[in-house]
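**Student:** Okay, here's the structure, questions in a sec.
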């Protein structure tokens, strides 16, 4: 009879509820074995639900592909509500072989998982484009128009020409057929991938600014108006990367 430690190792290669090993072990009276079985069954069910959710987020892309539209780009932005730094957008084109089931709305993921997925998306995507609109441009044209400009730039930086765009929330003036939707990063795998790329790219950028402008906590708040950030404004004033039209930044400008 196998030991519980040996059974635990054997279960590592079990991926379905009807696996013969699970059926066989269900007759084992040992409490430790039954505990392992329950844990494995829960793990399999969680993986199945994750896979089903992943496939559901691929629905929009598959519908377009089935109609001969092969190059579909998902677009998302990050940083619209920040007091400092640029707004960053990403455009990501995937194909049917893409299988990173953890890809989801970047806000739902840990920073560690985002970093891991970011590297894999850059490798596995058909193409990735980044668009960056500076804080100066944001002050000049407003955040919505700056976001649209960054989205155009992201699409222009793809190394393929997409036939259709899937965009989260913002109806960017790009002369390509598009579908604009709210909460797109939870409905489209391409938009979700774009949300991860944009988020991680911008986080890296803001961490580099933290070294240039210490005292604001940019490495942690990435430009959002946290208590530490506001205290930094009170103590050190406005930096060259602050958005001067965003409250409360104007309060700290030298008159």
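Keep in mind that glycine also has a Cβ here, set from the backbone N, Cα and C atoms.
Residues annotated as divalent metal cation binding site in Swiss-Prot: 76, 77, 168. Feature annotation from Swiss-Prot assigns domain 'RNase H type-2' to 70-255.
Each of these features: where is it, how hidden is it, and who are its neighbours?
**Tutor:** Listed in sequence order, the residues of the same chain lying 6 or more apart from residue 77 (divalent metal cation binding site) and placing their CB within less than 8 Å of its CB are 87, 88, 89, 90, 147, 150, 151, 168, 170, 198. According to its DSSP assignment, residue 77 (divalent metal cation binding site) is in a strand.
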**Student:** Any idea what DSSP makes of residue 168 (divalent metal cation binding site), helix, strand or coil?
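**Tutor:** Where residue 168 (divalent metal cation binding site) sits, the three-state DSSP reduction gives strand.
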**Student:** Show, in sequence order, which residues other than 76, 77, 168 on the same chain lie with their Cβ within 8 Å of the centre of the Cβ atoms of the divalent metal cation site.
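**Tutor:** Apart from 76, 77, 168, the close residues are 75, 78, 89, 90, 151, 167, 169, 170, 184, 185, 191, 194, 195, 198.
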**Student:** What's the number of neighbouring CB atoms sitting within 10 A of the CB on residue 168 (divalent metal cation binding site)?
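**Tutor:** Result for residue 168 (divalent metal cation binding site): 25 other Cβ atoms within 10 Å.
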